[in-house]
Amino acid sequence: MLWVDIALWVVSELKASCLCGSAPCLLCGCCPSSRNSTVTRLVFSFFLLLGTLVSVIMILPGMEAQLQKIPGFCQGASTIPGMENQFNCDVIVGYKSVYRMCFAMTCFFFLFSAIMVRVQSSKDPRAAIQNGFWFFKFLILVGITVGAFFIPDGTFHTVWFYFGVVGSFIFIVIQLILLIDFAHSWNKIWVGNAEEGNSKCWFAGLLSFTFLHYALAFTSGVLFYIYYTQPNDCTEHKVFISLNLIFSVIISIVSILPKVQEAQPQSGLLQASLISLYTMYVTWSAMTNNPNRKCNPSLLSLVSNVSSSEPTPTSAPGQVQWWDAQSIVGLVIFLFCTLYASIRSSSNTQVNKLMQTEEGGGYGGEGKVGEDGVRRAVDNEEEGVTYSYSFFHFHLCLASLYIMMTLTNWYQPDTTTQAMQSSMPAVWVKISSSWLGLGLYLWTLLAPLMFPDRDFS
């Protein structure tokens, strides 16, 4: 299978001695000045991204047709003497393969999440498993993946769909937390640079990005009213768009209130504008999962001015197109959040508690040169871990479920696995996650006022 071929290629490209060693050995050439904790997270993130790449390849249009051309490979295809058809290509390509690939990644990261519970420092024997033995970890992942393709259809896809919905909801909330943290860090750094250097340049940059975010957010809201609502229909969409626009205005006003500014000097419109823009993206993503085609026109019909009531290629049952705009944007945001979660070093105490990390535990530090002349990463976890091993793997476990739902466009397979359908549960999951994210951001603004004796720095 494709996954096995990629696995063999990776193993052939990397020295087994390095793979069996520590994480710093694997990436010492790429990260010559890094911390042991950061490199380990990057390698696990690479496993996740590699699995995502394989899933994308499996769901590419025309893959099944290409495999059918291989004599004796697919069931029902042409054969050559002495070779029987071995594989059902409906299973190893398309949405079924994505479900199985992401099932394997979810099991892999959940296994390590369970193993790494309550690891306190790199002196714990389990820390050696976390930071090394990469070759064997890779074999475990490949083995689970191969086994996943032998799971009978039955109700597997239907049951795993609901696992994906719940896991994706939690992951979207985590994405919002990371986005809020990123916005606060961005504003803090640029304001600090403005106070130390050319203030006009830095403040102009802050103003420009703030205006850009708001312009995109409210332009999106107007376009949503035009294309995703009807005069006598699509009531849910009208409510979603209106509420999220109102909520965006509310958090913007609250972020610049004098009392909030006094308690939270770093709060401002930059963070509120970025959260507003992300909220409108989640709103759009939710509306694209509405099974009512009158309220959910395809992008093809919008570009070509085709009536949304006419059948379009994207509305054909069973045709999953992961490459539509909302899925691509979702993947880009996913990649950003995954990388940020791997190298982040938040200065916010509450965010660190919530994400199970320590302040200053991110990327940086000086590497050490060993006796063999190779620069190694610094072990910065001898006294205590800089992040929760278990929570990090749980985060990647949720990310695997989110990738599964994104690549299959949140379509729900029917009981016979013959068709893929948009579903209202996906709409409500996304919308409720956007409301929860807005609530979390509002909490970061109001909490210092409500509990002045607590440290929210």
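Numbers here mean position along the shown chain, with the first residue as 1.
Cβ from N, Cα, C; glycine included.
The signal peptide feature in TrEMBL is assigned to 1-16.
Positions annotated as transmembrane segment by TrEMBL: 42-63 (among others).
Taken from TrEMBL, the feature transmembrane segment applies to 98-119 (among others). Taking Cβ pairs closer than 8 Å, the transmembrane segment (98-119) reaches residues 3, 44, 47-48, 51, 54-55, 58-59, 91, 126-127, 129-130, 140-141, 144-145, 147-149, 151, 156-157, 160, 163-164, 167, 385, 389-391, 393-394, 396-397, 400-401, 403-404, 407-408 in its own chain, all 6 or more past its ends.
Positions annotated as transmembrane segment by TrEMBL: 131-151 (among others).
Annotated transmembrane segment per TrEMBL: 157-180 (among others), in sequence order.
Same-chain neighbours of the transmembrane segment (201-227): 187, 190-191, 193-194, 237-238, 241, 244-245, 248, 252, 268-270, 273-274, 276-277, 279-281, 283-284, 287, 297, 302, counting only residues six or more beyond its ends whose CB sits under 8 Å from a CB of the stretch. Here TrEMBL flags 201-227 (among others) as transmembrane segment.
Per TrEMBL, the feature transmembrane segment maps to 239-257 (among others).
The transmembrane segment feature in TrEMBL is assigned to 269-287 (among others).
According to TrEMBL, the feature transmembrane segment maps to 325-343 (among others).
As annotated by TrEMBL, transmembrane segment applies to 391-411 (among others).
Through the fold, the transmembrane segment (431-451) approaches residues 169, 172-173, 176-177, 180, 184, 240, 243-244, 247-248, 250-251, 254-255, 259-260, 263-264, 267, 271-272, 275, 278-279, 282-283, 286, 350 of its own chain, all at least 6 residues removed from its boundaries and within a Cβ separation under 8 Å. The feature transmembrane segment is assigned by TrEMBL to 431-451 (among others).
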Beyond the flanks of the transmembrane segment (239-257) by 6 or more, those residues with Cβ under 8 Å of it: 214, 217-218, 221, 224-225, 228-229, 267-269, 271-273, 275-276, 279-280, 283, 286-287, 431, 434-435, 438, 441-442, 445-446
Distant-in-sequence neighbours of the transmembrane segment (157-180), which means Cβ under 8 A and at least six residues beyond its ends: 95-96, 99, 102-103, 106, 271, 274-275, 278, 282, 333-334, 337, 340-341, 344, 351, 354-355, 395, 397-402, 404-406, 410, 412-415, 417, 425-426, 429-430, 432-434, 436-437, 440-441, 444
Intrachain neighbours beyond the transmembrane segment (269-287), with Cβ under 8 angstroms and 6 or more residues off its ends: 172, 176, 179-180, 182-184, 186-187, 190, 206, 209-211, 213-214, 216-217, 220-221, 224, 228, 237, 240-241, 244-245, 247-248, 251-252, 255-256, 295-296, 326, 329-330, 333, 426-431, 433-434, 437-438, 441
